[in-house]
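Below you'll find the structure, written out as structure tokens, and then a few comments.
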Amino acid sequence: MAIPIAAVAGGIGGALLLLGVILIYYFLMHHYKNSSNRNSDSASSDPPAVVEPRREGGESSSEAKARVFRLRELEHATKHFDDSHLIGYGSFGMVFKGLLYDGTIVAIKRRLAAPRQQFTEEVVHMSMVHHRNLVRLLGYCQESGYQMLVFEYLPNGSMRKHLYETGMDSHSTKLEFKQRLSIASGASKGLCHLHNHQPPILHGNFKTANVLVDENFIAKVSGVGVSRLLETIDDVGPSHSVNRASVFRDPGVDQNTLLGEASDVYSFGVFLWELITGREASHIGGLGSNERLLQ
């Protein structure tokens, strides 16, 4: 049976796109590492691009601790967590937009859970990781049967809605290639900072929905540390940190395999695919099953 020309062309196009994704990723990672090395060797008085996390027990360790919010302030910020302030859902729970007493707009992630000391310890560690391309954790709250994380708010939301999300709340945006490259670069720098940490920090749930953009469309990676936090406080294994049915899942990872940096890299590759094509990866046909999208 003759193979349709369209199918052949589609296969070639898919292969070229995959090659482009790989080349872009390694170019960005190589460029970022070189930039980091130049910054570390330079005697310039300019502030560094990467702010290293403060060490435990150091003079500034107390300054690194996340702020402890009171429930009444977060209730005031969200009008008692009214549905009008609900902006999304994530692995940690519902996400609300709030306005603090001082006028700061924040994103508050909330879930039902009893207070735990491990939660506080993990959140303090999370708050010590800083980078211009990572969404900043501002603080936390454990009161009245709830655990809450308070993050900086990024007005333009996640890249998911700018690329392919539809509906009344859709913010689908026409992005030029230069913008897409800048977003890819920012996301890769954030992820690279995590992997260059000693010991390396794994994201564990990297996906398009976890790449947010600010008012200038500067990309910031969200959800950092949440997978590890849930593993720790819920007493579950590493398998909890990744959706096994997700197209972003590394096909080399199974229920008995620990996540590694390569798993984050695979997920980043799927994100690049979506960023370049402007389409949801699970909707791209002709390449076999979703779980083997990039194989």
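Placed from the backbone N, Cα and C atoms, the Cβ positions cover glycine too.
Now, the feature entries from TrEMBL:
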type: BINDING; residues: K109; note: ATP binding site
type: COMPBIAS; residues: 36-51; note: compositional bias 'Low complexity'
type: COMPBIAS; residues: 52-64; note: compositional bias 'Basic and acidic residues'
type: DOMAIN; residues: 81-295; note: domain 'Protein kinase'
type: REGION; residues: 36-64; note: region 'Disordered'
type: TRANSMEM; residues: 6-28; note: transmembrane segment
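For the domain 'Protein kinase' (81-295), the model's average pLDDT works out to 84. For the residue listed as 'ATP binding site', the same-chain residues 6+ apart in sequence whose C-beta sits under 8 angstroms from its C-beta are G90, F92, G93, M94, V95, M148, L149, V150, F151.
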